[in-house]
Amino acid sequence: MVPRISEPQLRPEPHRAPSNSTKLSYTSYSSSFEADDERSSSADHDSMGPDIGSAHRDVPAQYAGEDTRLTSRKELSGWYAYGFAAEVFVICGIGSFIPITLEQLARENGVLLSDPTQPCGSSSTHLPPGLNPGNAKDSQCVIYIGGLQINTASFAMYSFSLSVLFQAILVVSISCAADHGNYRKRLLLFFAFAGSITTMLFLTVVPKVYLLGALWAIISNTCFGASFVLLNSFLPLLVRHHPKTQYGTPDFSPELHPSFVDEYPPEHSLGESEAEVYDERSALLSHNRTLSEAPDVTEPLPLSADSTSIELQLSTQISSTGIGIGYSAGLFLQCVSIIIIWLLKGTTFSLRLVLFFIGLWWFLFTIPAALWLRPRPGPPLPSTGNRNSKGSRSWLAYTIYAWSSLFRTVKLARRLKDITLFLAAWFLLSDAIATVSGTAVLYAKTQLRMAPEALGLINVIATTAGVLGAFSWAAISRALNLKPHQTILACICIFESIPLYGLLGFLPIVKRWNVIGLQQPWEMYPLGFIYGFVLGGLSSYCRSLFGELIPPGSEAAFYALYAITDKGSSVFGPAIVGAIVDGTGEIRPAFWFLAVLVGLPAPLIYFVNVERGKEEGARLAEIIEGFRIKDAEIASGEHSSTESISEDERGRDHREISPHDEEREGRRRNDI
């Protein structure tokens with residue numbers, strides 16, 4: 001055993017390249033949740049050189065308690081591990097087996113719509129003589145909840161809508177805690193374990209207590225959405241402190257002894273007062289000022305032209321790798337689930353058992369993330385009055401600040417025509433994506449009488465096509481010389497073919513053929529491929545196009561609005577489809593609504609002008625930055641004469657833009 005060197009020879013820290021999204025500072029205090037990278041094995045050094053993530057760097061702190069140790073390979077592995085753990089829930093759970101299980105549990109408590117005296121039984125059993133899968137209206141099943149007659153397919157759709165509603169509210173409420181204080185990792189683990197345990201609890205749901213299944217679905221989906229928002233909030237920090245970003249070249253990183261950090265006690269805590277009030281982007285974006293008076297004695301390299309591209313490429317690389325790892329886990333577990341269901345003859349117990357394994361997978365592979373991810377605390381919450389008040393750190397303060405930040409961002413977005421058009425289109429498109437998926441699965445189960453293992457195979461095909469589409473649409477766009485918004489329009493047009501194909505089943509001539517128009521189970525497989533292929537293009541190009549329209553310096557706030565629009569929109573589509581099914585007794589009429597929902601975003605996307613949006617965003621960014629600098633100067637002058645400054649005394653919140661001041665600024669620019 002090699003003895004530990006008590007007095008290591010310290011090497012000087014190498015030059016680092018400054019970056020528009022990076023800032024080095026003191027390390028943070030330790031935490032019980034913190035990854036122990038100080039004594040990593042040599043296995044951790046493969047891809048990033050020496051594991052210098054624990055190296056103390058004697059430079060000014062951006063805010064009290066900041067952890068700016070370099071991102072280590074182990075920390076990246078922890079980030080990937082959670083994607084590997086949780087992605088199976090959305091692919092195998094919400095995307096496939098949870099709606100099937102909810103419908104089946106309700107069906108075993110329901111009666112036939114055509115004959116209320118007859119119990120429904122399983123929807124995957126053989127059809128009565130003379131009844132083909134495409135016109136199985138007489139096999140529709142209903143349950144009664146609180147005196148209301150609800151179709152069993154609608155029951156699953158309503159449950160999903162409620163889960164998305166709670167998810168959207170929770171995501172907004174915790175967004176501030178994700179960026180401020182030391183709650184990011186703790187909340188991630190709380191929601192991860194809560195969601196995985198409730199998913200495992202599906203094993204205990206018997207048909208007599210089928211409503212409990214809806215409760216578990218709502219809780220698990222809400223926890224999943226919240227945990228992924230928290231996981232994504234780690235990405236900018238991992239990129240910011242990555243050696244490739246800090247030292248300006250992909251292959252250069254310093255070599256410091258791993259135990260060096262042990263000799264330096266923490267110098268700040270989150271409870272200390274600050275000389276500067278930070279806005280909601282503090283944890284994700286860089287600032288031009290630091291709190292510490294200690295000078296940065298390192299000699300930076302000249303700022304290279306590709307400094308920003310290094311960060312962008314690294315962020316894309318890490319994100320893409322995480323998505324690939326998550327999809328691989330989802331596909332693997334989906335195949336295992338299909339085998340389990342096939343071996344157990346597609347019983348309700350087999351569905352519950354599969355959901356138990358999905359929750360167990362989520363739980364077990366969250367443990368490496370808990371061990372390897374660092375907390376990476378954000379700046380303390382900006383106080384709104386007495387800076388010594390503990391109320392500024394209370395959960396109520398976090399929640400109020402989160403919602404007020406959202407409203408401020410909405411006010412800014414309303415001033416940008418192209419962002420408004422895009423967000424309206426994305427709201428409809430995101431709702432259409434979620435609603436088409438859930439409707440198709442339930443249509444295949446209730447009207448085409450497809451077995452659960454066959455439904456699982458549809459999801460495998462769609463997921464595989466999604467991966468293929470993510471890579472293929474870039475090549476298609478280059479080959480056809482399409483602009484980003486034109487590529488999105490092409491995806492929408494292909495997407496529209498899915499509900500239109502389902503509507504062909506209403507044509508008398510097609511009905512006589514007994515094929516085409518979703519009258520046979522095998523027709524679901526090519527449609528599943530189309531859905532996945534289109535989704536791969538929409539996901540990447542919509543986010544990319546939106547990024548082009550964001551005012552520089554407001555990326556975090558606007559991407560939060562983008563995510564909330566994505567999460568919140570799916571409340572409406574499934575609920576409307578459920579109401580249509582309850583009113584007509586069939587799912588096929590819902591394809592009329594889906595056709596409209598898929599088509600509505602197209603004209604909005606068509607009128608988005610990227611160049612105009614960039615110009616508007618740049619002008620707004622100048623106005624925002626001008627008022628931030630002015631407020632910073634006022635705060636600096638007043639802070640020198642008094643220890644505590646109230647925002648009310650200053651006259652306005654430094655994060656808000658005065659419409660009158662903006663109007664005067666616009667007139668001044670026009671005069672110039």
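Glycine is treated like the rest: Cβ placed from N, Cα and C.
Annotated in Swiss-Prot:
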COMPBIAS  19-32  compositional bias 'Low complexity'
COMPBIAS  38-59  compositional bias 'Basic and acidic residues'
COMPBIAS  647-672  compositional bias 'Basic and acidic residues'
CARBOHYD  Asn20  N-linked glycosylation site
CARBOHYD  Asn288  N-linked glycosylation site
REGION    1-66  region 'Disordered'
REGION    634-672  region 'Disordered'
TRANSMEM  82-102  transmembrane segment
TRANSMEM  154-174  transmembrane segment
TRANSMEM  187-207  transmembrane segment
TRANSMEM  211-231  transmembrane segment
TRANSMEM  323-343  transmembrane segment
TRANSMEM  353-373  transmembrane segment
TRANSMEM  421-441  transmembrane segment
TRANSMEM  456-476  transmembrane segment
TRANSMEM  490-510  transmembrane segment
TRANSMEM  515-535  transmembrane segment
TRANSMEM  545-565  transmembrane segment
TRANSMEM  590-610  transmembrane segment
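By the Cβ criterion (distance under 8 Å, sequence gap of 6 or more), the transmembrane segment (211-231) is counted as touching the transmembrane segment (82-102), at least 3 such pairs being found.
The recorded stretches the transmembrane segment (82-102) and the transmembrane segment (456-476) share 3+ CB pairs below 8 A when only pairs 6 or more apart in sequence are counted, and are therefore in contact. Sequence-distant contacts of the transmembrane segment (353-373) (same chain, six or more residues past either end, CB-CB distance under 8 Å): 33, 35-37, 74-75, 77-79, 81-82, 84-86, 88-89, 92-93, 97-98, 101, 185, 188-189, 192-193, 195-203, 220, 234, 329, 333, 336-337, 340-341, 344. The stretch from 154-174, 187-207, 590-610 with the most CB pairs below 8 A to the transmembrane segment (421-441) is 590-610.
Same-chain residues lying 6 or more positions outside the transmembrane segment (490-510) and placing a CB less than 8 Å from one of its CB atoms are 134, 429, 432, 436, 440, 443, 473, 476, 482, 516-519, 523, 527, 530-531, 533-534, 537-538, 541, 588, 591-592, 594-595, 598-599, 601-602, 605. By number of Cβ pairs under 8 Å, the transmembrane segment (590-610) is matched best by 545-565 from the list 154-174, 323-343, 515-535, 545-565.
Residues 91-92, 95-97, 323-324, 327, 330-331, 334-335, 337-338, 341, 437, 440-441, 444, 482, 487, 490-491, 524-525, 528-537, 539-541 of the same chain, all 6+ positions outside the transmembrane segment (456-476), place their C-beta atoms under 8 angstroms from a C-beta of that stretch. If you look at the transmembrane segment (515-535), the same-chain residues 6 or more away from its ends with a CB under 8 A from one of its CBs are 132-135, 433, 436-437, 440, 443-444, 448-450, 454, 457-459, 461-466, 468-469, 472, 491, 494-495, 497-498, 501-507, 588.
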